[in-house]
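J.: Below is a structure I'd like to ask you about.
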Amino acid sequence: MELLAASRACIFFGLVTVLDAWGVQQVELSEGAWAMIDGRDVLTPTNTTTRVTKAWTFLETPPGCAGDISVKKVCVSHSLCEDNIIIGKHCNLLTGEHGIALAEFNVVNGSLRRTDDVYFVNGTVFPILAETRSVLQIHRATPSIAGVYTLHVSIDGMMKHSVVLLTVKKPPKQPQPRLRVKTPPPVTVPQVPVKTHTDFVVHGYHSRVYADGESFELSVNLESHIVEPSFSAEIQWYYMNTSSSSCDLFRVFETCIFHPTAMACLHPEQHTCSFTSPIRATKILHRVYGNCSDHGNSWPSRCHSTLLGNRLYFIQPAQNRVDLLFKDTPASATGLYVFVLLYNGHPEAWTYTLLSTANHFMNVLTDVTRPRLGEHFYTDLGHKIITPHPSVATTEELGAWTRHYLAFLLVIICTCAALLVALVVWGCILYIRSNRKPYEVLNPFETVYTSVPSNDPSDEVLVFERLASDSDDSFDSDSDEELEYPPPPKPAPQLPPYQFVDGGDAPSGRSGFKVWFRDTPEASPVPLHKPTLQGPDYSRVASKLKSILK
């Protein structure tokens with residue numbers, strides 16, 4: 001078996017010839033062959049590099065001109081100079097050069113990080129533009145893919161090219177010797193249908209709790225049952241960070257593993273609490289197998305493969321090329337690790353394992369339904385949500401969290417300030433209302449008597465008079481002038497002691513006082529304000545009282 005595999009490898013490499021003539025690679029493949037062509041990245045980013053752009057372009061060879069192509073020091077287009085390819089005089093170049101892949105990178109800490117990319121594939125040629133390598137992956141070569149493939153690399157405006165001339169030829173037919181054999185009589189044998197069924201089974205643990213700095217192996221225990229003579233396969237490992245998730249339950253949707261480009265898988269509801277499409281995760285390991293014919297369980301390590309992907313410094317592929325080895329694992333490696341096996345381009349087996357420290361352990365559940373589409377999702381299909389590597393600080397998430405926190409804090413401060421101002425204003429209003437009193441007009445004079453009091457009920461001579469203004473008087477509170485009151489009347493001269501007219505004692509039932517009136521009545525004080533209506537005249541009544549008392 002090993003001899004057969006070695007002979008096939010020799011035949012394969014014998015059919016593929018790579019010549020480096022003046023910087024141009026000339027690759028010759030046989031029809032139906034599989035190959036991986038290195039694009040030879042011609043520029044290396046420096047410490048001052050800020051932006052890198054890579055692109056693959058294709059210039060198709062016209063039909064019938066495969067034998068009239070040579071490598072010469074001639075330019076055929078503006079993008080191909082210095083070391084170029086020329087087509088003979090008898091062939092007309094009717095097709096134009098068109099792009100098949102484009103990728104943009106940013107430089108972070110001296111290493112490239114992909115920001116956006118786009119690919120145009122036809123099922124046979126798969127251009128790959130990675131951070132460290134740029135290759136062309138050929139599956140079952142056909143004459144239609146023959147032509148000029150150019151890798152363009154632009155670093156801060158400086159452009160370089162790497163050219164590959166690919167030709168595809170039909171394999172030579174080996175003459176078979178004619179053997180004369182007597183044909184036996186036909187024997188009727190019942191035809192039994194041949195079962196061509198391939199099956200893959202994985203037996204892995206769905207969770208593992210580790211300590212910071214621990215080393216261990218993450219195994220999926222892959223079992224394979226392959227009946228096809230040759231096949232192609234891919235082994236992929238994806239990572240999704242769960243350390244910053246506050247979900248009680250993390251869901252893994254199996255439907256999205258088989259349909260990664262569905263809209264509900266690209267933009268699910270509660271995307272931080274679910275693993276849906278692998279496109280939303282970070283690919284940490286990608287191994288490609290082409291034209292493999294080993295049918296045992298050890299086919300991943302026996303068949304020829306190409307390792308792609310940007311794996312982390314603490315992760316190494318295991319000896320069987322399927323499992324992962326973790327060495328001195330940091331706490332930032334917490335997350336969901338998903339294994340996917342593609343057989344002839346279709347997912348056939350998958351499993352997941354939650355690696356976390358004790359502080360970030362959570363429940364993970366496999367969901368076989370379709371996830372719900374998020375209410376606010378991106379309509380731009382070119383946008384990709386990429387989970388950052390666990391070894392790199394997620395500055396974007398930290399910045400978003402800081403902006404949300406500052407906005408929330410600003411709203412709280414503004415609300416508290418508004419409430420404080422409202423309380424101060426309301427307190428001032430209550431204080432002013434409580435201290436405010438209606439204006440009172442005070443009489444500066446006391447009540448005086450204009451006659452001598454008596455205890456005789458029949459004597460109604462006692463008259464009270466308040467030396468004050470009328471009820472109609474009003475004061476202007478806004479006036480700064482003080483009110484001037486007339487001086488009080490001078491006291492009357494002292495009268496001699498009176499005597500009873502009849503010379504006897506005071507009659508019983510009386511107070512013993514007599515009221516003496518002057519001949520000239522005492523003038524009343526001039527009121528401050530004259531009443532509008534003149535009161536009744538009591539002068540006659542007073543004269544009668546005087547005559548009676550005499």
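Keep in mind that glycine also has a Cβ here, set from the backbone N, Cα and C atoms.
So Swiss-Prot lists these for the protein:
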type: SIGNAL; residues: 1-23; note: signal peptide
type: DISULFID; residues: C247-C273; note: disulfide bond
type: DISULFID; residues: C256-C265; note: disulfide bond
type: DISULFID; residues: C292-C303; note: disulfide bond
type: TRANSMEM; residues: 409-425; note: transmembrane segment
type: MOTIF; residues: 449-452; note: motif 'Internalization motif'
type: REGION; residues: 468-482; note: region 'Acidic'
J.: Which whole-number value in Å describes the distance between the Cα atoms of C273 (disulfide bond) and C265 (disulfide bond)?
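T.: A Cα-Cα distance of 13 Å.
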J.: Any idea which of the disulfide-bonded residues C247, C256, C292, C303 has the thinnest Cβ neighbourhood at 10 Å?
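T.: Among the disulfide-bonded residues C247, C256, C292, C303, the sparsest Cβ neighbourhood within 10 Å belongs to C247.
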J.: Which of C265, C273 (the disulfide-bonded residues) has the most other Cβ atoms within 10 Å?
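T.: It comes out as C265.
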J.: Closest of the disulfide-bonded residues to C292 (disulfide bond), Cα to Cα, picking from C247, C256, C265?
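T.: For C292 (disulfide bond), the spatially nearest of the disulfide-bonded residues is C256.
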J.: According to DSSP, which of helix, strand or coil covers C256 (disulfide bond)?
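T.: DSSP assigns C256 (disulfide bond) to helix.
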J.: What is the interatomic distance between the Cα atoms of C247 (disulfide bond) and C303 (disulfide bond), given in whole Å?
T.: 42
J.: In whole Å, note down how far the CA of C303 (disulfide bond) lies from the CA of C256 (disulfide bond).
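T.: Pair distance, Cα basis, whole Å: 29 Å.
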J.: Quick one: Cα separation, C265 (disulfide bond) versus C303 (disulfide bond), in Å?
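T.: Computed Cα spacing between C265 (disulfide bond) and C303 (disulfide bond) is 33 Å.
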J.: Would you identify the secondary structure of C265 (disulfide bond) according to DSSP, in three states?
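T.: In the DSSP reduction, C265 (disulfide bond) maps to helix.
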